[in-house]
Each structure stands twice: as structure tokens, then as C-alpha cells.
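Data block below; observations after.
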Amino acid sequence: MFARNPTNTPEGLVPSSTNSKPLLNESIYGMKINKTVTKTPFKHFWSINSKKRTYTYQKIHFFVNNEKQFAMKKLTARNIISLILFFMLLLCVLPNTTLVNSAMFQQFSFVFISLGLFFSLVIFSDSKLYITPVILYIVSWIGYISIHSFIKGECEWYQSSYFIISFIYMTALANLIKKKVLNCKQIAIIFGGIGILEACWCILQFIHLLPPANPVFTVSGSFDNPNITAMYLAAIFPFILFNSKKTLILWIGILVILTAILILKCRTAYLGVIVILLYYLAQSPVISYIKKLSKLTKITLTVCVLFTMFIGAFQLYHLKKDSADGRRFIWKVTTQMIAEKPFFGYGYGLFAKNYNLQQAKYFKENKGTVQERQNARHVYNAFNEYLEQTAKGGIIGGAFFVIFLVILIVQSYRYKNKVTLAVLLAIGTMSLTNYVQAALPVWILLLTVAALLASTGKSYSMNSMISKGLYVSVLIPFVFLSLMFNAQRQLKNSIDEHLSSPDRMEQYAVAAGSSEIYHRLYAKALIKAQEYEKALNVLCKAEKYTSSPSLFMLKATCLENLHRTKEAVENIETVYYMIPNDDDAKFELMLLYDALSQTDEMRSICNEILSLNKPESRKVNHYKNIADSLLKRRVP
């Protein structure tokens with residue numbers, strides 16, 4: 001006979017002792033035992049006979065079928081969630097033209113599916129929300145971001161929402177794993193499979209069978225930036241490398257991923273792969289063999305390894321020297337930003353705005369070298385996640401990110417999970433020379449690893465009613481984000497249909513919220529309609545969230561048409577100092593100095609334009625001709 005499983009295992013029924021007897025009126029899963037003496041076919045009934053009476057369990061197969069149905073429901077839920085995760089990753093890697101840029105659509109897709117995963121927890125019979133120490137830490141991090149934004153009074157809602165809701169994804173996934181709806185194997189297959197598909201995509205681009213997502217690069221995968229693709233491939237490499245069953249498909253997968261990383265030419269990804277391979281060797285029998293070597297052999301081997309690493313680092317630096325020097329300069333300016341506001345930083349979602357203004361200030365004070373001026377560009381990220389998190393959230397914000405990684409690494413080591421530890425070591429290393437939060441697939445992978453680790457160990461369950469209330473509460477941000485998405489969709493439609501009329505764009509300006517790109521394009525439509533005063537007001541609103549060179553150029557156009565030429569000069573000067581190599585800013589500034597009769601300044605800019613050492617082009621030749629004519633006209 002069968003008894004309840006005291007451990008509440010998924011099987012539900014376990015064999016009990018053969019000597020145990022059911023008590024009178026004992027029930028199994030809610031069904032009473034009937035006291036009848038009947039003859040029944042064995043295939044339908046199990047009968048237990050005694051000397052005095054016979055207890056018949058009527059249709060015990062009903063309970064077995066019930067258990068099978070329960071298992072099937074769980075299997076179905078697991079399959080659905082797996083498909084959702086797969087679909088989410090596809091949306092996050094496939095290029096899309098639904099919105100103004102593909103990256104925005106990918107982030108919106110991730111946010112909506114994250115909210116959907118969290119809301120889906122309400123459908124399970126065990127609807128309690130499980131809280132683990134890692135999730136508690138995340139809650140405190142979200143609390144800090146919210147309080148920080150409230151105190152600063154400045155917040156860019158697109159990036160802040162993406163950051164906060166990504167933690168909701170982690171919490172939802174941890175609970176799905178805790179409830180055994182998903183497991184590690186499924187997640188590894190999903191991420192590894194997407195990685196192999198992405199790697200194949202890169203190889204097909206390399207042999208010119210597929211066009212690149214960004215025409216600037218020969219190979220970029222499905223993303224505009226090849227760095228994002230390469231970092232993701234490096235980060236998912238351990239899922240395949242540490243698989244104990246090295247089948248032919250896995251070996252092909254390893255070869256395809258390494259080939260794709262190689263042709264993407266991302267030095268950050270190279271560093272990640274090196275760290276993973278070193279950790280893999282440290283876990284292999286090679287270390288035991290090295291320990292048995294003589295002291296002289298060990299010293300020789302160490303010198304050879306260090307020399308190889310030095311040569312490798314030298315080659316990586318010179319692979320893209322200008323890019324490497326540019327990043328060193330970005331770290332230098334970011335460090336200055338942190339030194340000026342160490343405690344509270346500049347605000348979440350506002351790094352790019354404040355960094356570029358700091359860069360303009362740096363060059364205006366004549367601190368830049370010739371090389372720094374040549375390599376300076378408009379910057380969106382710090383290319384160092386630790387510095388960027390500190391610049392946005394202050395020392396406390398930076399500490400939250402560092403401690404988050406440390407907690408996950410310690411847990412991986414404690415549970416002897418080689419795969420997650422290798423992934424975390426790679427991401428931690430790559431964070432030193434590139435961004436992680438803005439690299440969507442890498443950020444999703446980091447949060448997924450966090451969810452896997454958060455689902456283990458101690459947990460505390462919340463009251464079922466409170467949990468359901470939290471699940472339903474995500475509908476509120478879902479509605480607001482839907483309005484923001486619709487505004488961006490209308491913006492894209494206006495551009496595609498060449499109907500960027502101010503009246504049409506004004507309808508969605510409120511819903512667009514803190515979208516600087518929406519406000520800039522709205523202002524552009526107003527300028528086209530010669531509504532300069534209104535356009536200037538819209539641009540001032542956009543200026544709260546961005547310091548894009550195009551914004552200052554548009555402001556200068558408005559101010560010049562409103563006969564506020566001196567203010568127009570100030571805006572063009574901001575662009576000139578921000579990006580000293582910007583020819584358009586130099587040309588506009590030269591014309592404005594001439595209009596204001598600022599002869600000395602005009603001559604200086606004219607000489608800069610005439611000394612441009614760039615390939616011949618119609619635009620450059622035009623700028624030089626105008627500069628030459630102005631100099632001749634101004635000769636006393």
C-alpha cells in the first residue's frame with residue numbers, strides 16, 4: 001500500500017511499510033475508505049482482506065492519475081516558462097526596427113517579459129513569494145536607488161526603470177527555480193543554445209552570407225555593437241566548457257563560440273575567455289601535475305607564463321591603440337567626476353549627460369593633450385562598470401554593485417558550482433574594461449546566475465495574500481511603460497511616414513516622459529515649422545537628461561533665429577570643447593564669431609579648420625574655402 005510522502009517530494013506517493021494498516025475512516029488525498037465487502041476486478045481495485053472485515057480502496061488508480069495530472073501540469077508550466085525565456089532572449093538579441101533604435105526595443109521587451117514572469121507566479125498553487133538573503137540584498141539596493149533619486153530630484157526613467165525591473169526578473173526567476181518550475185539544465189540549454197546561434201550568425205557575417213546589424217562593422221552579430229555580442233559569447237562559454245559530457249555537438253559549439261569571439265576582435269571578451277580557461281585549468285589534473293614538478297621547473301614555468309601574459313597584454317593594447325587610449329581618458333575624466341561628487345554621485349540614468357559636460361570642462365581649462373583631443377568622442381558609458389556605478393550612485397552605489405558580485409562569487413564557491421563561478425569571474429573581469437548593465441544579454445545572464453544562486457539555501461516565504469498583492473502590483477508599472485512604449489512607437493511611425501508634425505508629436509510628449517530622443521526630434525519638427533521659441537523650451541526639457549552635441553546645435557539654431565547670438569555661441573562652444581575634433585562645431589562657431597565681429601576668436605578657428613589633416617571630402621573642402629575667404633576678408 002501507499003502512504004503520504006512526509007517529505008513532500010514531487011512524487012506525492014511513496015511506498016509505506018507492508019505491516020502498516022489503514023485506520024477506520026482514514027483518507028488518502030481527501031478520499032474516504034469505504035467499508036464494503038465486494039468482489040471487484042483486480043485491474044480496477046486493490047483489496048485488503050482480513051479475517052473479520054474487508055476494506056476496499058475504490059478506484060485507487062484515480063489518485064495515481066491525479067498525481068500524473070499534477071505532474072503534467074507542472075511539466076506544461078515548465079515548458080511554457082522555458083519558451084517565454086527563450087522568446088525573451090530572442091527579442092533581446094534580434095535586431096528590430098519597431099522603435100527609433102533596436103537597443104530601445106530590446107530593453108522594452110526585457111522589461112515587459114520580466115513583469116510578465118513575476119505576474120505569472122500568481123497562477124501556481126504555491127503562490128507564496130520566497131525571499132532569500134540575495135533577494136533581500138537586492139531589495140535594499142532598489143530601496144537605495146529610489147531614495148537616491150528622490151533626494152537628487154533627478155531621474156531618467158527609461159534607464160532607471162530598466163535597472164530596477166531587471167531585479168524583478170531575478171526575483172521571479174529565483175522563485176520559479178525554487179518552485180521547481182525551471183531547473184539549471186533548462187537555463188543552460190537556453191543560454192548556450194542562443195549563444196551558439198549568435199556565434200553562427202557572426203561567422204555567416206564574416207563570410208558575407210549575412211549583412212551586419214551595423215554597417216560600420218563587418219561583424220557585429222545581431223547587435224549594433226560587436227562588443228556586446230563578444231562579451232555575451234565569452235560569458236556563456238562556461239555553460240558549454242564545464243559540461244561533463246563532451247559530445248561532438250558540444251565540441252562544435254566550443255569551436256564555433258571561440259571562432260566568433262576571435263573574429264569580433266573584442267579585447268574585453270578575450271580577457272573574459274582567458275580568465276575562464278585559467279579557472280578551467282585550475283580545476284583540472286594539470287595543477288596536480290605541476291605541484292609534483294621540481295622547484296626550478298616551477299620557476300621556469302612561472303616566468304614563461306608571465307612573459308606570455310606580458311606579450312599578450314602588449315598585443316591587446318596595440319590591437320586598437322586609439323580605442324585603448326580613449327578608454328584610459330574616459331576613466332580619467334570619470335575619476336574626476338567621482339572626486340567632485342563622491343557620496344551621492346550624479347544620478348541613475350544620467351551618467352552620459354554629466355560625463356560629456358565634464359569632458360567639455362576638462363578641455364576648456366586647457367588640460368587636454370593633443371592625443372586626448374584627437375581621441376575624444378561623445379560618450380555614453382564609462383567602459384568600466386565599477387566606475388560608472390560609483391559615478392551614478394556615489395560610493396554607496398558603487399559598493400552595492402561590488403558587494404553584489406562578491407556575494408554571488410562566495411555562494412558559487414560555497415556550493416562548488418564551477419559554472420556560475422566561472423561566469424561571475426569572467427563578468428567581474430570584463431567589468432573592468434567595459435560596461436555590463438547596458439550590455440543587455442550580459443546583464444540578463446548575470447541576473448540569471450544570481451537567480452540560480454538565490455534559489456538555494458535558506459528562504460522565507462511571505463503570506464500568500466500579500467504575495468498575490470505584490471504580483472498584481474506589477475500591472476501599475478506595466479501600464480506606464482506601455483504608454484512610454486506607445487509614444488516611442490508613434491515617434492518611429494512619424495519618422496517612417498515623414499509626418500513629424502509638431503501637433504502629432506505633442507500628443508505623446510507627456511507619455512514619452514524623460515525620453516531625450518523624443519524631445520530632440522519633437523524640437524526638430526518645431527524648428528522646421530519655424531516655431532523657435534517653443535522648440536527652445538522643448539530642448540531645455542531634454543537638456544535635463546542629455547548633453548548630446550545635436551541638442552546644443554539645435555539650441556544654437558533656435559537662439560540665433562531669436563537674435564540671441566551670444567547664447568548661441570555658448571552652446572556651440574560647449575560642443576567644440578566637448579569634442580575638439582568636431583568639424584561641424586568649428587564651422588558654426590567660426591560663422592558666429594564673424595557675425596559678432598569677434599575677430600581674434602574667428603581667426604583662431606579659421607586656422608584650425610585650414611590645418612585639418614583629414615581625407616579630402618566635399619564638406620572639408622567647403623569648410624576650408626569659407627575659412628580662407630573669411631581670413632582674407634578680415635586682413636587689416
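Glycine too: its Cβ is placed from the backbone N, Cα and C atoms.
What TrEMBL says about this protein:
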type     : residues : note
TRANSMEM : 80-98    : transmembrane segment
TRANSMEM : 104-124  : transmembrane segment
TRANSMEM : 131-151  : transmembrane segment
TRANSMEM : 157-177  : transmembrane segment
TRANSMEM : 189-207  : transmembrane segment
TRANSMEM : 227-243  : transmembrane segment
TRANSMEM : 248-264  : transmembrane segment
DOMAIN   : 253-402  : domain 'O-antigen ligase-related'
TRANSMEM : 270-290  : transmembrane segment
TRANSMEM : 299-317  : transmembrane segment
TRANSMEM : 393-410  : transmembrane segment
TRANSMEM : 422-453  : transmembrane segment
TRANSMEM : 465-485  : transmembrane segment
* Asked: Does the chain bring the transmembrane segment (393-410) near the transmembrane segment (104-124), so that three or more CB pairs sit under 8 Å (pairs 6 or more apart in sequence)?
  -> no
* Structure fact -> The correct DSSP tally for the domain 'O-antigen ligase-related' (253-402) reads 117 helix, 0 strand, 33 coil
* To do: Sort out for me which stretch, of 104-124, 189-207, 227-243, 465-485, has the most Cβ pairs below 8 angstroms to the transmembrane segment (422-453).
  => 227-243
* Sort out for me which stretch, of 80-98, 131-151, 227-243, 299-317, 465-485, has the most Cβ pairs below 8 angstroms to the transmembrane segment (270-290). => 227-243
* With a Cβ cut-off under 8 Å, give me the same-chain residues at least six positions beyond the ends of the transmembrane segment (80-98) that come close to it. => 105-106, 109-110, 113, 116-117, 120, 176, 181-182, 186-187, 190-191, 193-194, 198, 213, 221-224, 440-441, 444, 489, 492
* Proximity of the transmembrane segment (465-485) to the transmembrane segment (131-151), 3+ C-beta pairs under 8 angstroms -> no
